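Participant: Let me give you the structure first, and then I'll get to my questions.
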Amino acid sequence: MDQGTHPTPAAATESYYDVPDGVDILGRYDEEFAKILTKDALKFVADLQREFRSDIKYALERRKEAKKRYNEGALPGFDPATSHIREEEWVCAPVPPAAADRKVEITGPVDRKMVINALNSEAKVFMADFEDALSPSWENLISGQVNLKDALDGTISFHDKVRNRVYKLNQQTAKLFVRPRGWHLPEAHILIDGEPAAGCLVDFGFYFYHNHSAFRRTQGAGFGPFFYLPKMEHSREAKIWNSVFEKAENVAGIERGSIRATVLIETLPAVFQMNEILYELKEHSVGLNCGRWDYIFSYVKTFQAHPDRLLPDRVQVGMTQHFMKSYSDLLIRTCHRRGVHAMGGMAAQIPIKDDPVANEAALELVRKDKLREVQAGHDGTWAAHPGLIPACMEVFNNIMSNAANQIETVKREDAAHITEQDLLQIPVGVRTEEGLRLNTRVGIQYLAAWLSGSGCVPLYNLMEDAATAEISRVQNWQWLKYEVELNGDGLGEKVKKELFDRVVEEEMGRIEKEVGTEKFEKGKYKEACKMFARQCTSPTLDDFLTLEAYNYIVLHHTKAKALN
């Protein structure tokens, strides 16, 4: 299939991997990939797809129904039908000893050098990401599976030819958690019974099938593997994951409750479902995490038709805003009441090597944010760069001393009284032209990198993933839709198409100056600009930027092409 066209099943395409009945692989053939795409592993993934595809479709339909309700004026809230789950006393299964101490977790994509460096970092956990930090090309996804398998087999190495340096694993490494894609993302290179596989089942299925035994032996002390689960909106989605885990455990012949997962609470509807999500995953849970950038994206998306709930510039929407603080406090209270970890949010800063003063100021911001988290009761936090780990670890160790976590010691009973109004309170702040410009500049540059194969992008001393581009896109869209006044500039200008077009043109000029003309011409900046601007000005808001963008990175190979 040519780049830029929508992925469609190719009836005449012959598979060149050894595949079970009903499975077609349309991605490039590679001998290394064939070690992952074995007939038995493909059968395992196909069995998961066949058993759970109707449940997944139903869950996605229910998301659409909820969106329609919100667009007609309804607000998300606690479900009266499940009040008994919220009110009754129950706990999740005990936390496995191998996952007890998670003070600092580093996150990043699954490229080979990143996997080695992250596992060798001083972090307690490495969350290897097939989701927002990865551009899901065939090459990235399957080479990522190869890299994780080699890491758990202990054979991984990487020769950096530019630096003439060989990277290998240390004796002691971080614990590995893996984040598959969300329910909504297809895998267009693998067809099962003629339709694209669910991306999450592909990511989970191959990783689990090849690595459950090695993980339990070398990392999990008899438990595992461990996962992070993204983009959930309702406990029915947690219930599907629980059933997937049970099936996987049965197939592998391991004890029920071996697999453990932390769910990211990164959508506004999910904050009202935290007890219910933990309840559905009771045997398989190791907590919840504050996915704060996606949470802000979800706030805008949920209230896309509510002009009375417009956000200020995104840089003003921090964790001290009442609705964000309420979300964090309630998450801690819920998790500790149920006996599991309450994980904090991302420190996205990157060390600024050429400016010690700016670097120290950035580190001080990180320390303050982490101190707020640990004092609130979080059991651990995220860092995007190995250079931040010592500062984050020091803050958590200073408060927690030798304790592995705060599950039993910080119960946050005061957060029991947090209301729907607290969780929905409109954030305070102003809107500025610089906010519009930053959204546009960051959104275009992130998308250009994503289309070029990179999902984790350093921009303006921050490590950005898809969540930042999503906030940028939906905020621009909402400001344009309601022609909001930029009330922080003192000029009272309204965000109309003419202003947006001028901002896009000027920011493209700025991007070209910053990256240089050669990189600008070779990169996918113009394609990214068109796509980003179209999404910001579309009459209806797309659910996810990456769904449209995915069509541009799908590459189908026929057997003849692959063997030439």
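First residue shown is number 1, and so on along the chain.
Note: Cβ is positioned from N, Cα and C throughout, glycine not excepted.
Automatic prediction, not curation, is the source of TrEMBL annotations.
According to TrEMBL, the domain 'Malate synthase N-terminal' annotation covers 21-84. Taken from TrEMBL, the feature domain 'Malate synthase TIM barrel' applies to 175-426. According to TrEMBL, the active site, proton acceptor annotation covers Arg179. Annotated domain 'Malate synthase C-terminal' per TrEMBL: 431-552, in sequence order. TrEMBL lists Asp465 with the feature active site, proton donor.
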Participant: Going along the chain, which residues six or more apart from the residue listed as 'active site, proton donor' have their CB under 8 A from its CB?
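Facilitator: The list for the residue listed as 'active site, proton donor' reads Asp129, Asp132, Ala133, Trp293, Gly455, Cys456, Val457, given in order along the sequence.
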Participant: Residues with Cβ closer than 8 Å to the Cβ of Arg179 (active site, proton acceptor), same chain and 6+ apart in sequence?
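Facilitator: Spatial neighbours, sequence-distant, of Arg179 (active site, proton acceptor): Thr107, Met127, Ala128, Asp129, Phe130, Glu131, Phe227, Tyr228, Leu229, Pro230.
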Participant: Can you count helix, strand and coil residues in the domain 'Malate synthase N-terminal' (21-84) using DSSP?
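Facilitator: Taking the domain 'Malate synthase N-terminal' (21-84) as a whole: 42 helix, 3 strand, 19 coil.
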Participant: Do you know the DSSP helix, strand and coil residue counts for the domain 'Malate synthase C-terminal' (431-552)?
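Facilitator: Breakdown, helix to coil: 79 helix, 8 strand, 35 coil.
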Participant: Summarise the model's confidence over the domain 'Malate synthase TIM barrel' (175-426) as a mean pLDDT value.
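Facilitator: Average per-residue pLDDT within the domain 'Malate synthase TIM barrel' (175-426): 97.
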